[in-house]
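In TrEMBL this protein carries:
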DOMAIN    1-176  domain 'ABC transmembrane type-1'
TRANSMEM  6-33  transmembrane segment
TRANSMEM  40-68  transmembrane segment
TRANSMEM  80-113  transmembrane segment
TRANSMEM  120-146  transmembrane segment
TRANSMEM  152-177  transmembrane segment
Amino acid sequence: MLLLLLLLLLLLLLLLLLLLLLLLLLLLLLLLLLLLLPLLLLLLLLLLLLLLLLLLLLLLLLLVLLLLVPPPPPPPPLLLLLLLPLLLLLLPLLLLLLLLLLLLLLLLLLLLLLLLLLLLLLLLLLLLLLLLLLLLLLLLLLLLLLLLLLQLLLLLLLLLLLLLLLLLLLLLLLLLLHHHHHHHHSQ
């Protein structure tokens with residue numbers, strides 16, 4: 001029975017160790033993700049900034065072209081008429097871009113928070129597993145001690161039995177000797 005218990009405990013220990021390894025791998029993956037996320041965020045931000053810069057450059061080019069082209073006789077109204085629709089078109093675009101940026105930032109922050117929560121959960125699981133491992137190790141030690149004690153007890157019992165046998169043999173010998181001596185005298 002004790003041996004069976006020991007085997008079971010050893011199997012449990014192995015399983016727990018495997019679980020610990022898996023959790024550690026998961027933790028490493030999560031850490032990698034956490035490291036990669038800021039990089040992705042930066043890339044997205046750079047892309048959006050580039051788009052904004054391109055739009056601004058286009059605006060500037062249009063303005064320069066409009067200014068460079070020799071103005072026809074009624075210049076101000078035409079220029080204004082040309083510029084107004086452009087501005088009206090570009091402003092919503094810029095606003096949309098900014099909104100997208102904000103949304104992306106929020107999403108990335110949420111992702112980071114989720115990852116951090118996952119990390120915390122994994123760490124808690126790891127701690128629990130470690131505690132379980134320690135408990136199992138203690139149980140194993142106790143069982144081993146029990147086995148050792150049982151062996152010692154068995155040895156002691158054997159020794160006691162041997163001593164009893166020896167005592168019995170001595171008593172028998174003494175009785176025999178006594179009887180023999182008595183018999184000799186009577187003759």
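Yeah, the Cβs are placed from backbone N, Cα and C, and that goes for glycine too.
Long-range Cβ contacts of the transmembrane segment (6-33) within its own chain (Cβ-Cβ under 8 Å, at least 6 residues beyond either end) map to 115, 118-119, 122-123, 125-126, 129-130, 132-133, 136-137, 139-140, 143-144, 147.
Sequence-remote contacts of a segment are chain residues at least 6 beyond its ends whose Cβ falls under 8 Å from one of its Cβ atoms, and for the transmembrane segment (40-68) they are 79, 82-83, 86, 90, 93-94, 97, 100-101, 104-105, 108.
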